[in-house]
Amino acid sequence: MAIRRCWPRVVPGPALGWLLLLLNVLAPGRASPRLLDFPAPVCAQEGLSCRVKNSTCLDDSWIHPKNLTPSSPKNIYINLSVSSTQHGELVPVLHVEWTLQTDASILYLEGAELSVLQLNTNERLCVKFQFLSMLQHHRKRWRFSFSHFVVDPGQEYEVTVHHLPKPIPDGDPNHKSKIIFVPDCEDSKMKMTTSCVSSGSLWDPNITVETLDTQHLRVDFTLWNESTPYQVLLESFSDSENHSCFDVVKQIFAPRQEEFHQRANVTFTLSKFHWCCHHHVQVQPFFSSCLNDCLRHAVTVPCPVISNTTVPKPVADYIPLWVYGLITLIAILLVGSVIVLIICMTWRLSGADQEKHGDDSKINGILPVADLTPPPLRPRKVWIVYSADHPLYVEVVLKFAQFLITACGTEVALDLLEEQVISEVGVMTWVSRQKQEMVESNSKIIILCSRGTQAKWKAILGWAEPAVQLRCDHWKPAGDLFTAAMNMILPDFKRPACFGTYVVCYFSGICSERDVPDLFNITSRYPLMDRFEEVYFRIQDLEMFEPGRMHHVRELTGDNYLQSPSGRQLKEAVLRFQEWQTQCPDWFERENLCLADGQDLPSLDEEVFEDPLLPPGGGIVKQQPLVRELPSDGCLVVDVCVSEEESRMAKLDPQLWPQRELVAHTLQSMVLPAEQVPAAHVVEPLHLPDGSGAAAQLPMTEDSEACPLLGVQRNSILCLPVDSDDLPLCSTPMMSPDHLQGDAREQLESLMLSVLQQSLSGQPLESWPRPEVVLEGCTPSEEEQRQSVQSDQGYISRSSPQPPEWLTEEEELELGEPVESLSPEELRSLRKLQRQLFFWELEKNPGWNSLEPRRPTPEEQNPS
């Protein structure tokens, strides 16, 4: 609420006074409450000394509240009266009168505060009655009045009487208010005030309007005794409507003093329409006291009334004869057109009715087949994005892709079908290629939702849930392709124009709509195979429903997809996975490696898995021993250990890497029982009856793959784990010396020492010796990782420099002449350092993260 702090009679300072004077000059017509300057207000009574002074509407009791305060006034009476100022001007003033209550609170009454608030401008004016003496009880009720608030016509005010001191904020109010409305200058009492007289309240323009002819109108009025411009407004209406059909404004310049109270006239040119005859004339003065808000005087001129004595001539007297002929011709044409239209509509409706009742197909609302042209089907391509939750679910995805290819003629991009390409180009490159190809060819991306998709989506969002690492993703060479695909897909879901590229589906029976991530709630979700027909129309970019027709693919409607062999296989795969879910309700938690606590799932029952994809440890194990060269009189003996309990097949293929022209040699295979062959032994040449020797004898006693590196007429060491159930230390043909026998450990240490000596002496690599160490017991997956690691890293068994293949044993001995020997203490220190570097290299290899390499002991880390 705005607070007015000063008025013309109260000037706190010269700067504020000049500011108020400037505001009064800039806005002379602004209405605001003020105090009457004459006579001075008096509040003293018999038995009371009182003084009236201007107030800022902020009493000290608000800042320093008191405990005891007086009660509110008893009654308030407000009257409007007219008073004269010191200059003789008549102004409207408010007469405020109130009485006190007859209680003990008058003993604490220190005064009263009167305030007037102008409601339209929110300006407030306050005065304060300050009691200089204490009130005493007497026989009459104390009564006070104040008649010095000057108000303006047509304004609304709120008058408040507040006893002092004011109460505390939570105390009972001790004030009363009343609202009063001041009439405008049309009131008989207010018309005589100076403000109303200056705004023309006593001016009677005596407006007269005269119609000169049908096109001109003259307005006369009397001027007022002020040199001010006038404006005459004319607005015309029709006799039956309130909408203006014509308006015009005329200006009259300010008259001279001798022209005051004289008549002025202005002429208007009317509208050309004779029906625009109802006129409304207004005269607006621009007096200095009111400017644009001065009272307008108006007069209305109705349309002229046609006299009954004036009989108009018949219209027929003015119409020529040819008009009658034209009207008759138009009437005949209209009637003929209506007749022809009725005949045509009748004929058309009868023909349509015959067609409708003559064809049974049309009775059912189906158009003839000959009249419909089915939309053309084009070969399309889709990319299937899924999460490998379980081997059975992967089988369902494969069967679904097979159904799309065989039954629907749709090309499918699936990671399981392009593992070789993914291994060549990488996961992200393959995913980005598929995404770009789908966008450029306007193809579709099918997203198959399952429990794994929901879990991986929550992992992408960073929810406080366990991490997701599914067992099938761990088996796949490419790993988790769903997360990589989602990272490529996410930006498209910020653009609504890209929503049509994606088709979100889930297999009903093994998945539910709860498995669909929240990201896809803005798109349609299709349960398979219930709504596969709609999915197929999405793939073809065709509308299934059109005005008056509905398209169907008979082979895909309902359960008709079971008529095709691929559809039946898909159904069987879904039922097989559904049965597995029923037997193992916690199958997903057990498939998640992060929740399985390192325990493997039990092997799946053969009754459930009739045709497993790649069960753990299953399949055909292919082992390729590397044969460098055989002499003409030598042969290679491959010994395969067959265990009666094993039901798998193992294939051992020798792969020859000749360095020069090969000579004829003999290859002999022998099958020995596993219990007759030791776990690890030094292989001795086997002399055959024809005199040739065997290169090596390798017993297959483990489920893993072994790749012995056989040298020319040399014995190889086969190192196995100490416990047959333990995994090897690493996936490369090297092991910690702790698991080697005494001879093998000495041979390995001699190899390290030889390498170190050759590096110190700067001899060529061709002079290095050729002892080799071969490990057995690596799984097929670890062997694949080993081959890739060997090709990329280069530091394992193949990183050991090998002498040229064409050197004989005597030439190698000549090249391997010993260098200057070192002291035993230096050799021991170098040997420990080489062993420490060897084990550190094993730990740094990225392909050994899942294994537990042996760390060097503190004594080995700090050689003496």
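Even glycines carry a Cβ here, placed using N, Cα and C.
Copied over from Swiss-Prot:
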SIGNAL    1-31  signal peptide
TOPO_DOM  32-322  topological domain 'Extracellular'
DISULFID  C43-C50  disulfide bond
CARBOHYD  N54  N-linked glycosylation site
DISULFID  C57-C126  disulfide bond
CARBOHYD  N79  N-linked glycosylation site
DISULFID  C185-C196  disulfide bond
CARBOHYD  N206  N-linked glycosylation site
CARBOHYD  N225  N-linked glycosylation site
CARBOHYD  N242  N-linked glycosylation site
DISULFID  C245-C276  disulfide bond
CARBOHYD  N265  N-linked glycosylation site
DISULFID  C277-C303  disulfide bond
DISULFID  C290-C294  disulfide bond
CARBOHYD  N308  N-linked glycosylation site
TRANSMEM  323-343  transmembrane segment
DOMAIN    379-537  domain 'SEFIR'
MOD_RES   S736  phosphoserine
REGION    778-824  region 'Disordered'
COMPBIAS  787-800  compositional bias 'Polar residues'
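Secondary structure from DSSP puts C196 (disulfide bond) in a helix. Sequence-distant contacts of C276 (disulfide bond), defined as residues of its own chain at least six apart whose C-beta falls under 8 angstroms from its C-beta, comprise S236, F237, S238, C245, F246, L270. Annotated pair N54 (N-linked glycosylation site) and C196 (disulfide bond), C-alpha to C-alpha distance, rounded: 28 Å.
A strand conformation is recorded for C50 (disulfide bond) in the three-state DSSP classification. Of all the glycosylation sites listed (N54, N79, N242, N265), N54 sits in the most crowded Cβ setting, with the most other Cβ atoms within 10 Å.
Neighbour density for N206 (N-linked glycosylation site): within 10 A of its CB lie 11 other CB atoms from the protein chains shown. Within the same chain, the residues at least 6 positions away from C43 (disulfide bond) whose Cβ sits under 8 Å from its Cβ are C50, R51, V52, F129, F144, F146, listed in sequence order. Closest to C290 (disulfide bond) by Cα-Cα distance, out of the recorded positions C57, N79, N225, C277, is N225. Of the listed disulfide-bonded residues C57, C185, C277, C294, C303, the Cβ environment within 10 Å is emptiest of other Cβ atoms at C303. In the shown protein chains, 17 other C-beta atoms lie within 10 A of the C-beta of C290 (disulfide bond).
Each residue contributes its Cα atom, and for N79 (N-linked glycosylation site) and C185 (disulfide bond) these two points are 17 Å apart.
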